[in-house]
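Annotated features in TrEMBL:
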{"type": "TRANSMEM", "residues": "66-87", "note": "transmembrane segment"}
{"type": "TRANSMEM", "residues": "99-123", "note": "transmembrane segment"}
{"type": "TRANSMEM", "residues": "165-182", "note": "transmembrane segment"}
{"type": "TRANSMEM", "residues": "191-211", "note": "transmembrane segment"}
{"type": "TRANSMEM", "residues": "231-260", "note": "transmembrane segment"}
{"type": "TRANSMEM", "residues": "281-306", "note": "transmembrane segment"}
{"type": "TRANSMEM", "residues": "326-354", "note": "transmembrane segment"}
{"type": "TRANSMEM", "residues": "375-394", "note": "transmembrane segment"}
{"type": "TRANSMEM", "residues": "471-491", "note": "transmembrane segment"}
{"type": "TRANSMEM", "residues": "503-524", "note": "transmembrane segment"}
{"type": "DOMAIN", "residues": "534-584", "note": "domain 'Cationic amino acid transporter C-terminal'"}
{"type": "TRANSMEM", "residues": "536-555", "note": "transmembrane segment"}
{"type": "TRANSMEM", "residues": "561-581", "note": "transmembrane segment"}
Amino acid sequence: MSLPWWRILTRRKNLPSRTSSSDSDTRLGRILNTFDLTALGVGATLGVGVYVLAGHVSRDQAGPAVILSFLIAAVASFLAGLCYAEFGARVPKAGSAYIYSYVCIGEFVAFITGWNLILQYVIGSASISRGLSLYLDTLIGDVLKTTFRDIAPINASFLSSYFDFFAFVLPILLAVALAFGLKKSAVMNNIFTATNIAIVLFVIIAGAFKADVANWQVDPSTLNSTITEGLNIGVGGFFPFGIEGMLKGAATCFFGFVGFDCIATTGEEVKSPQRAVPRAILFSLIIIFLSYFGISTVLTLMWPYYLQDVNAPLPYAFEQIGWSAAKWIVAIGGIVGLITSLFGAMFPLPRIIYAMSQDGLVFSFLGQVHTHFKTPVVGTMCAGVLTGLVAALLDLKQLVSMLSIGTLLAYTVVAISITILRFTNREETFTETTESSSILKGKKHSSFTTILLQIFNCRILKHPTKLSSNVVAAMVFLYTIFSLVLCLLIVHSKKELAGGEIWAIVVWSIICCIILLTLISMAVQPRDTTEAPFKVPLVPLLPGISIFINIYLMLMLDTYTWIFFSIWLVIGFILYTCYGFRNSLRHSEMEPLLRSTNRFKVYTV
């Protein structure tokens, strides 16, 4: 007896029926608390975003409406954060979206999710390391660039013009700190994050004294043409680039919230993870939004949006108003913020690698845990070296959007997983015997009539069954597919819809009806009533909205991003086919059961 290929690809990870936070259920050391996790999430996010993003979006995309762009991005991130928070309470294991999808969807989707999280964290960490090198180099007069170009020039159009030794060494040093002193590095991260927040508060308070509402009411016709020559001012006012510009700004600002999900990778290193993880996720998102909202408000009130500097908007604005001392305070704060952001970006990477190696999907030596330091030393050091090489060799300007595609995919998978989890019996999801029992006992097939009646729960079941859970899984799949179709229609057929063309309206209406019916079908299915420290409200509506927004934002990415993403996926497929497929822990657990079932069949013939 052998399993069909689709059963192999959807084999799920089994967890104990009651997730525990005791020290005995993990080889990692439980030393982090809610404050540590909140500082980790805030620090990972308030680096490049708070010191660069507001100036870029306000000048080129949204104008003063950048504050609304951040608000919309915060709502999208908050929806994803709710899903992460519930999973953090239910499944406090290292691995974040990877482990969540492995428990709820299956092995192949989990591998793809984990593989892309590795890409996300490598490029994210490398871009911060490179950004910190360039930021520091600007302050000291391009000494590093000049020196490195003389020592190690690179003549390749797709690489950096020189090997950046500073950007190479920085992630490795941080990897050493993470591998051999997690608690000490966490304390240092807390200090740096507190300093970063203090700088943010300083900017908001100091900048408020120079706030001028007239900068939100700019009239292009009254401006000096000499000053504004070559600048894109738009139509002026609060929405100089219109509502569309504000929405484009929201798509960019969304990436400023990337980083809070690193909290969800720490489940096996946290005291009381069922409570600490969801609290830290929500606390960090609130702090991050208030920081962005305050910075963008003060920045656009203090200095006109069309004159913002896109590389270092805060120091530039303070210099323009004559506060040179404040400029240097903010510049130093930028260095601290970038170091903190690098810590937060690198922290989850070895945890993802550790989780995948423990499951046999990537090489097992990457998951070796040091007996004294209780950290995955080999995986951490490999992550540091890989990140350093990417930071030193690549010109990351064309790869920055790769940060978003991995993150958005992870957010989508988590939203799908939380929907499936809510409508699945807890014992079927978490017990260690579910899949094994189904192999030994065989499948019970439901009749077509029974399936049809269950689509809208006509039998009014009160508790989840295998059939009702499968109906929800099918509806989630259909919802995701038709959301993709609707988003494609919005992106590529806006003119036809606005022009009232019949075919566009008919297609739009049919797709919207199907999406609505899938949501209704899921909503009427029996739910798991198991208590959890935190639950997402309004399921399946809120996860559904999150899925739709994430798909739409992914379609906003350029062609080169999708090409690079496809190449990375192909490499992952090769690794899974040649190694993970056979060495999977679930494969080794199920193989003896399959052999015993074969022997049983022989004896009963």
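Just so it is clear, glycine is given a Cβ too, placed from its N, Cα and C backbone atoms.
Please treat TrEMBL annotations as automatic predictions, because they have not gone through curation.
Counting Cβ pairs closer than 8 Å and at least 6 residues apart in sequence, the transmembrane segment (281-306) and the transmembrane segment (99-123) reach fewer than three and form no contact. Listed as Cβ neighbours of the transmembrane segment (99-123) (distance under 8 Å, sequence separation of 6 or more from its ends, same chain) are residues 8-13, 15, 87, 91, 93, 267, 345-346, 348-349, 352-353, 355-356, 359, 361, 383, 386-387, 390, 396, 399-400, 402-403, 405-407, 409-410, 413-414, 416-418, 420-421, 424, 429-430, 565, 568-569, 572, 575-576, 580, 584, 586. Counted over residue pairs separated by six or more positions, the transmembrane segment (536-555) shares at least 3 Cβ pairs under 8 angstroms with the transmembrane segment (471-491), which defines the two as touching. Across the domain 'Cationic amino acid transporter C-terminal' (534-584), DSSP assigns 40 helix, 0 strand, 11 coil. Outside the transmembrane segment (165-182) by six or more residues, the chain places 29, 31, 125-126, 129-130, 132-133, 136, 144, 148, 151-152, 188, 269, 342-343, 346-347, 350, 370, 373-377, 380-381, 383-385, 387-389, 391-392 with a CB less than 8 A from a CB of the stretch. Sequence-distant residue pairs (6 or more apart) of the transmembrane segment (326-354) and the transmembrane segment (191-211) include at least 3 whose Cβ atoms are under 8 Å, placing the two stretches in contact. Beyond the transmembrane segment (231-260), the same-chain residues lying 6 or more positions past its ends with a Cβ under 8 Å from any Cβ of the stretch are 41, 44-45, 49-50, 53, 56-58, 60-66, 68-70, 72-74, 76-77, 81, 84, 124, 216-220, 223, 281, 284-285, 288-289, 292, 305-307, 341, 344-345, 403-404, 407, 553, 556.
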